[in-house]
Amino acid sequence: MDSTLISTRPDEGTLSLSRARRAALGSFAGAVVDWYDFLLYGITAALVFNREFFPQVSPAMGTLAAFATFGVGFLFRPLGGVIFGHFGDRLGRKRMLMLTVWMMGIATALIGILPSFSTIGWWAPILLVTLRAIQGFAVGGEWGGAALLSVESAPKNKKAFYSSGVQVGYGVGLLLSTGLVSLISMMTTDEQFLSWGWRIPFLFSIVLVLGALWVRNGMEESAEFEQQQHYQAAAKKRIPVIEALLRHPGAFLKIIALRLCELLTMYIVTAFALNYSTQNMGLPRELFLNIGLLVGGLSCLTIPCFAWLADRFGRRRVYITGTLIGTLSAFPFFMALEAQSIFWIVFFSIMLANIAHDMVVCVQQPMFTEMFGASYRYSGAGVGYQVASVVGGGFTPFIAAALITYFAGNWHSVAIYLLAGCLISAMTALLMKDSQRA
């Protein structure tokens with residue numbers, strides 16, 4: 001453990017409360033944009049992309065192809081983490097965070113004007129995959145910078161709460177993306193929605209980008225980063241991601257294991273179940289679109305509340321509680337789907353994608369960033385977080401759809417997949433030492 005770097009912090013009196021608030025607000029605003037854009041793709045892939053961009057294959061294969069393009073974004077997230085992390089550790093967090101918002105917004109808006117397969121043939125899916133890769137690259141650099149700036153700027157005993165805006169941005173992004181798709185879906189016919197209605201939410205991203213850039217322009221670099229740069233100005237530096245790998249190789253594996261619960265609970269409910277419930281169960285698409293609205297809205301309240309509890313009672317306790325709730329809800333969720341019981345579908349969707357998910361993500365910012373020294377923290381935490389996204393989340397809808405296809409529509413294998421991921425996260429958190437309070 002690099003005790004010298006990790007324990008080196010600016011005096012608490014130098015931490016400006018106004019700087020902390022601006023960092024929290026800026027991290028939140030950018031996270032809204034990035035997660036709105038990133039999640040919007042998953043929702044639309046479940047409803048539209050199989051027919052608009054892959055019409056030449058069977059419905060089942062079209063669904064797999066659409067979810068595969070969803071996973072492409074995750075493959076490029078580690079690369080974004082490496083590149084943005086490298087320059088973020090050298091040049092500063094703020095510069096990189098301005099650039100990630102620009103890249104994400106432009107890629108998303110271009111998807112909104114992308115011609116379909118019937119217009120330009122195979123160029124349509126090729127360009128779709130390219131733009132999805134740019135989305136993944138941009139969001140790969142977003143989390144590390146936003147998490148670090150908010151954690152490093154926060155008061156010592158309120159780091160989970162002040163950095164929770166990064167994850168609240170996820171909830172607002174989910175709320176906006178699902179809400180806008182749901183609204184347009186209700187206002188258009190199926191033909192209109194498939195033709196042009198789905199494009200409107202992608203173009204709306206431009207408005208969010210301009211707002212986020214205005215907010216982020218008022219942020220400052222954290223005092224901790226500035227002090228670290230001063231101390232190491234004359235030192236010979238290795239590439240930050242290499243430094244992180246050499247000093248803390250086990251931290252990357254821990255982050256992957258810890259994130260399984262979060263990734264599986266969210267993407268199975270918001271992406272896979274949306275497709276599975278409509279195509280296999282005959283349930284209306286509005287059901288899971290409305291569930292996404294509910295989950296996103298509740299997350300705006302529950303994430304900061306759980307973060308406050310974590311600051312008060314310990315991060316690990318809150319984390320383990322969330323993973324156990326996810327474990328216990330896996331099979332009941334699919335049983336409710338099979339029974340087509342709306343009340344229990346909604347209830348267990350909230351237990352998985354809201355309660356379990358939010359108890360886990362609310363403490364990830366301080367938990368993950370404190371595994372690394374300040375001079376390579378953007379690279380270490382960012383790359384670890386994004387590699388976990390590939391391993392645990394990027395192909396979750398694809399894997400779940402493949403399991404359903406392989407087992408002829410039987411959902412038990414997907415429930416086991418979800419349960420196992422939650423248990424792995426629980427065991428990893430149980431074996432960790434709470435860096436704040438056990």
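Cβ atoms are placed via backbone N, Cα and C, with glycine included.
Look at Swiss-Prot and you will find 28-48, 64-84, 109-129, 133-153, 168-188, 193-213, 255-275, 287-307, 318-337, 341-363, 387-407, 411-431 tagged as transmembrane segment.
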Practice item. Look at every Cβ pair spanning the transmembrane segment (109-129) and the transmembrane segment (341-363), keep those 6 or more apart in sequence, and say whether at least 3 of them are under 8 Å. Key: no
Listed stretches 28-48, 168-188, 287-307 vs the transmembrane segment (133-153), most Cβ pairs under 8 Å: range 28-48
Inquiry  = Counting a contact as 3 or more Cβ pairs under 8 Å, with residues at least 6 apart in sequence, do the transmembrane segment (193-213) and the transmembrane segment (341-363) touch?
reply    = no
Highest Cβ pair tally under 8 Å against the transmembrane segment (341-363), stretches 64-84, 168-188, 255-275, 287-307, 387-407, lands on 287-307
Listed stretches 28-48, 64-84, 168-188, 255-275, 287-307 vs the transmembrane segment (387-407), most Cβ pairs under 8 Å: range 255-275
In the same chain, residues at least 6 away from the ends of the transmembrane segment (168-188) whose Cβ sits under 8 Å of its Cβ atoms read 27-40, 43-44, 47, 146, 197-198, 200-201, 204, 208, 270, 285-286, 289-290, 292-293, 295-300, 303-304, 358, 361
Best-packed against the transmembrane segment (255-275), counting Cβ pairs under 8 Å over 28-48, 64-84, 287-307, is stretch 28-48
